[in-house]
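Here's what TrEMBL has on this protein:
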COMPBIAS  414-435  compositional bias 'Polar residues'
REGION    413-435  region 'Disordered'
TRANSMEM  55-72  transmembrane segment
TRANSMEM  111-132  transmembrane segment
TRANSMEM  182-202  transmembrane segment
TRANSMEM  280-299  transmembrane segment
TRANSMEM  348-365  transmembrane segment
TRANSMEM  371-395  transmembrane segment
């Protein structure tokens with residue numbers, strides 16, 4: 001066609017056509033809004049890694065704080081509860097409870113941890129490892145995928161079981177009994193934690209087999225499985241609420257993967273008699289797994305925000321919401337423990353992972369002699385110091401985020417009260433739990449408005465952390481508050497990330 005045009009048209013038209021093609025122009029400013037929007041999408045994708053990793057780092061320290069609680073402060077709180085029971089005959093009994101509700105929950109957690117740890121001794125880690133190693137690569141790939149799905153289901157239903165146990169054990173006795181009793185709930189909780197611990201052990205064994213395979217083909221397949229998340233989430237319509245829950249789920253998965261990698265490294269070092277030369281061989285593989293996790297999260301969130309027209313500043317809002325929950329759960333009259341708050345928000349339950357890690361460490365390291373017990377004591381003191389420093393750092397960062405978002409008034413505003421004779425509350429009233437008290441307000445006001453009073457914050461935090469017997473149980477149900485980001489704070493790990501939230 002071009003040859004026919006050139007051969008039939010006059011030379012004047014040919015030259016004019018060529019000149020027009022070479023000199024024709026257009027003006028982008030005629031559609032300025034469109035091109036500005038496209039440029040902002042590019043800038044948003046460029047800001048996603050930084051903002052996302054800030055959220056991931058803050059969430060990682062939240063999970064670590066809840067995880068270290070099971071090793072450090074939980075034994076001390078149980079010891080204080082035991083001392084309270086022992087001193088009751090001497091000091092006299094005054095009140096309606098032997099133990100405060102928080103102390104009852106701590107004792108139940110400790111009993112579950114001890115019972116499940118003792119039952120885990122009947123499982124041979126080496127037998128499970130060799131049983132998994134004898135399977136084909138395709139079977140192991142399917143097993144690993146099934147274990148991931150089962151872990152999410154266990155985390156979703158497990159916190160319900162634990163919450164039901166805590167509420168049944170601390171429910172006021174004056175109410176009409178509409179439950180099956182504490183002992184059945186306790187048996188269900190022990191059974192759940194034991195099954196979840198075994199599930200994580202099988203996950204760690206499968207990952208260990210992938211590490212020790214000669215051609216690393218299984219490890220490559222398992223890493224490529226992370227990229228399936230991009231296909232499953234990028235091309236769906238996702239709002240800010242769903243993105244918030246997706247981010248919390250990614251924080252939990254990343255922290256859990258770090259625990260699994262730690263278990264794999266401990267087991268491999270034990271098999272090679274703690275040879276540091278073998279450790280240097282494992283480090284590149286560990287780094288490769290971690291980098292793949294980070295890369296998948298960045299790519300997934302970058303395209304999700306691009307396709308759904310969500311700005312990168314939304315991750316700052318998510319950090320502020322997590323900080324608000326952290327400060328609220330640190331109140332003396334908070335309705336739940338902050339570790340349970342992390343479990344509900346992110347789906348991370350520390351007890352199964354803590355039990356498995358203790359089981360692996362105790363089987364990998366032989367504790368014999370006075371020197372070994374001294375090292376164990378020093379390790380405990382080191383973990384306790386790390387826990388305290390991590391908590392103080394989180395409190396300080398949370399106060400900065402709350403102040404930056406101008407949400408100080410939401411933390412220590414005057415809550416509305418109800419009559420003490422009311423026995424039934426609506427669902428909306430139940431969701432708006434008691435977060436602030438005069439003492440808690442003073443703490444938050446000091447850390448937000450006056451950095452000089454940060455020492456007082458740490459003192460009050462330690463006082464609250466180790467327990468206080470002066471609080472009246474049940475008083476928290478009478479205090480209500482309104483959260484500034486209700487649509488985000490009401491989300492928990494049961495929300496389906498793939499669907500829309502109406």
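Every residue, even glycine, has its Cβ placed from backbone N, Cα and C.
Counting Cβ pairs under 8 Å that are 6 or more residues apart, the transmembrane segment (55-72) and the transmembrane segment (371-395) reach 3 or more and are in contact.
Of the candidate ranges 111-132, 280-299, 348-365, 371-395, 111-132 has the most C-beta pairs within less than 8 angstroms of the transmembrane segment (182-202). When each of 280-299, 348-365, 371-395 is scored by its Cβ pairs under 8 Å to the transmembrane segment (111-132), the top-ranked stretch turns out to be 348-365.
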